Each structure stands twice: as structure tokens, then as C-alpha cells.
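According to Swiss-Prot, the features are:
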SIGNAL    1-17  signal peptide
ACT_SITE  H75  active site, nucleophile
CARBOHYD  N97  N-linked glycosylation site
CARBOHYD  N103  N-linked glycosylation site
CARBOHYD  N162  N-linked glycosylation site
CARBOHYD  N192  N-linked glycosylation site
CARBOHYD  N250  N-linked glycosylation site
CARBOHYD  N315  N-linked glycosylation site
ACT_SITE  D338  active site, proton donor
CARBOHYD  N356  N-linked glycosylation site
CARBOHYD  N390  N-linked glycosylation site
CARBOHYD  N439  N-linked glycosylation site
CARBOHYD  N445  N-linked glycosylation site
CARBOHYD  N456  N-linked glycosylation site
CARBOHYD  N461  N-linked glycosylation site
Amino acid sequence: MFKSVVYSILAASLANAGTIPLGKLADVDKIGTQKDIFPFLGGAGPYYSFPGDYGISRDLPEGCEMKQLQMVGRHGERYPTVSLAKTIKSTWYKLSNYTRQFNGSLSFLNDDYEFFIRDDDDLEMETTFANSDDVLNPYTGEMNAKRHARDFLAQYGYMVENQTSFAVFTSNSKRCHDTAQYFIDGLGDQFNITLQTVSEAESAGANTLSACNSCPAWDYDANDDIVNEYDTTYLDDIAKRLNKENKGLNLTSTDASTLFSWCAFEVNAKGYSDVCDIFTKDELVHYSYYQDLHTYYHEGPGYDIIKSVGSNLFNASVKLLKQSEIQDQKVWLSFTHDTDILNFLTTAGIIDDKNNLTAEYVPFMGNTFHRSWYVPQGARVYTEKFQCSNDTYVRYVINDAVVPIETCSTGPGFSCEINDFYDYAEKRVAGTDFLKVCNVSSVSNSTELTFYWDWNTTHYNASLLRQ
């Protein structure tokens, strides 16, 4: 796979020789060799398949026919945000102004190291062939989206064989929009696809893919008292180790934490990162669980507002399923952010909400929530509705793996019988009220998600935002 990707990129590079980011010769031996750490990067690193696939075949069960397909995807690999880049640059400033020879795990900085953020215009943006730090980088968001499109055709191409004209939906974040466009490009020119760009501003209210932005009641400090109980001495230990190896360096625990982000986003930009080799395996586990803990209590089941936020998109998904027989469009593809996907999965009950994560230690038995498993860069959640004989079923496929509903999985391929699913969905949203809980009326008059139904007359074309 890696070789085929490299050959494809090299072919493209010959046509764009004037803009090739050549990198260094040593890169060839390093690029694509760090996939084992992707699960520990909290979703900031490149895409990888869901590890807990339970051995269930993703293929449509024998004798069944797909009736509807929905997909909610995250934008592809990107550069850091403006705010995070500021923090990374602060640590880089300390390192770049160190006047002595580096020792230990920082010794790579002696070898003409090139900082991966070359242009501030790249911040917040998708990594592409044009802005990647190395021509051989297989992890660009552009390549990921195009590869996803080819995988989609291989898995579900029959769903669009007789429907060459359809809409694809994206938030108006530029990186989400770019991912959607690269995906469309990857499908080929045999389709007439209308890209609907839906606003993610708070004024969009309920008519959005990004309900969290329309929720002024969202408290970003909620549950900090729980998360802050987590032991972060591993960060102190990293800083102490690096400072001991390099006299006078004076890195802090904040710098140590920043290095994890640096590692992830550098891999996105150049295909590998020497910074990632700074950490021990134990330190990666500690960092990864902190990301899980923080997400669980800020964007997942541990924050009581999330089920209501996620219900906005989940209710629309269920409505589409119920209308599959009368809707001309059978495939519904949408691109947005990781938070929106996490909110959706929380409401859907795919993320375990029966056992709250503990901040007292790193749990290994019974812990099924890992942020990076669900929302790596380029994450994708498919909702399949298929018919077998006279019965119809629903199941979820997350990042290439079938993930059954725990209490409803007795159907073919560990799916949920359709009426049982509707009962399940009704119970999941019982007591939720996105408009009321989020106080949406204070920022918008829009009280319903309608873009899946009125796109052909409204023609959504929100201005793109660098966020």
C-alpha cells in the first residue's frame, strides 16, 4: 500500500516539479514507520483503522441488499490551529536558541533539523501535496480523502451506480470543505455532485453539522475538577530527563505536553517526526489516557449536555433512515469536525456511558473509550441500513470496523433490527432537548436541521472559514 501511494505521489510530482517539497534523503527510511504510535496521539495524528473490530466482517451479509448509507466524516490530516501553533513555537524557540550541542533524544536537532511549520498560512489547513514538508508524505489530508473515496467505491460503489447526481454536505470550515472536495475528486468525473456548504456559525442554530457552535450554554470548563485530578508527573519526568541530558535547557512540563502535539502534527506535515521518538511507551500511554479522560468529560458521555447537542444530528440521521423508501438519494455523505462526531456517537450510545472514566489511574480492564480510535484525522462513521429477506437492519461502521450496538446486535452481521433500532434511538434521545438545553434561541432563530431536505432549493454556500 505504502509503495503504491508513493508511486502515485511521485507521478503527481513530475507534473508539478517546480513546487515539490523535497525533504531530505534520510526521510525515505523514516516516512511511514511510526504507525504504531498513532493510537496514542489523541486523534491529532494520521488516520488509522479502528483497532477493536471484534473480527466482524465489514461486507454486507450474504443475501442482503443495502437500502441507505449515511456517512459523517472528520476533515483529514491538518496543520495545528493558530493557538496551538503559538504554543509549539514557544517550545521551538527554546530549542532553537539553545547554544550547546544537543544530547540524548534531542540529538536529532543537531542534524540540520527543519521546523515543520514553514508558513503560517498553513495553520488550521489540511495538509496537501502542495504544502506538505516532504514529497513522500503518505499522510496528507488530501491523500487520505482521495483514498477514502476509492475505498468507498470499492465497498459501496453499487449504491451510486444508478445515481450519478447527488449532494455531498460539509461545514464551512475550509479544512472540512477541502476534505469533501478531495473526496469528490477521488470519486472520479463520472458523478455530478453538488457540494452543499453548511454554516457552522452559532447563528446557524439547529440547521448545522456543528451543533456545538450553536450552544452558548456549553461550559468549556465543565468537569475540569475531575480531569485535573489526573496525575501528570509523567510530564515533569519528561522535562527533567531532557533538561538533565541538555544542561541549561530549562524545559517545563508545559513544553513536555506540547511535544506530544508537535509529534502528531509533524507526522501530518512530513510523514514522520523525530520528536515522537522522545517519549517512552509508558509516557505515550499516560498522555493517551489523559486525552481520553479530557474528551470523555468535555465532549462525551461524562458531560451531561452532550447527549442533547449530539441529538441534533442523531435525530436527523434517524429521520433519514425512516424516509429511505421515499428519498431519491440513497447515499448521504457529510464532513465536519471531531467534536461533532463525538457528540453524535455519544447520543447514539456507541461510546460507553455506563462506566465513567476515572482520573485516579489508567484503567486497562473494561475501558472501551479511546479518543483516537473514534476520531483520528479523517475519521468516518457509516450508518448502514440493509434488507435481508423481509427484514431490515441498521449497524454502524466506524473507521473501517463494524461496531455493534451493545444491546441490539442479533441481526445479520451483528446489526440491529430496524424497529428495535427505532425503539433504541427513541430511548437514547429521551430527555434530550438541544434547543432548550443549549439556549439556542439566544443566538439563532433556526430550530430545525433542514439542509438534508431543502438543499435542492436553498443551495447552501456559506463562506469558508479558517477554522
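Just so you know, glycine gets a Cβ as well, placed from its N, Cα and C.
Model, not experiment: these values are computed from the prediction.
Features per Swiss-Prot, on structure.
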residue : record                      : DSSP class
H75     : active site, nucleophile    : coil
N103    : N-linked glycosylation site : coil
N162    : N-linked glycosylation site : coil
N192    : N-linked glycosylation site : strand
N250    : N-linked glycosylation site : coil
N315    : N-linked glycosylation site : helix
N356    : N-linked glycosylation site : coil
N439    : N-linked glycosylation site : coil
N456    : N-linked glycosylation site : helix
N461    : N-linked glycosylation site : strand
In which DSSP state, out of helix, strand and coil, do we find D338 (active site, proton donor)? helix
N315 (N-linked glycosylation site) to N162 (N-linked glycosylation site): how many Å between their Cα atoms? 28
Pairwise CA distance, N162 (N-linked glycosylation site) versus N192 (N-linked glycosylation site), rounded so that it is a whole Å: 12
Given the recorded positions H75, N97, D338, N390, N445, state which is nearest to N356 (N-linked glycosylation site) when distance is taken between Cα atoms. D338
Considering only the recorded positions H75, N103, N192, N439, N445, which fall within 10 Å of N461 (N-linked glycosylation site) when distances are taken between Cα atoms? none
Please identify, from the glycosylation sites N162, N456, N461, the residue with the sparsest Cβ neighbourhood, meaning fewest other Cβ atoms within 10 angstroms. N162
Coarse DSSP state, helix versus strand versus coil, of N97 (N-linked glycosylation site): coil
Neighbour tally for N315 (N-linked glycosylation site), based on other Cβ positions within 10 Å of its Cβ: 19
Once DSSP output is merged into helix, strand and coil, N445 (N-linked glycosylation site) belongs to coil
With the cut-off set at 10 Å between Cβ atoms, which of these glycosylation sites ends up with the most neighbours? Options: N192, N439. N439
Rounded to the nearest Å - Cα separation of N250 (N-linked glycosylation site) and N456 (N-linked glycosylation site): 59
Measuring CA to CA, name the entry from the recorded positions H75, N97, N390, N445 that ends up nearest N439 (N-linked glycosylation site). N445
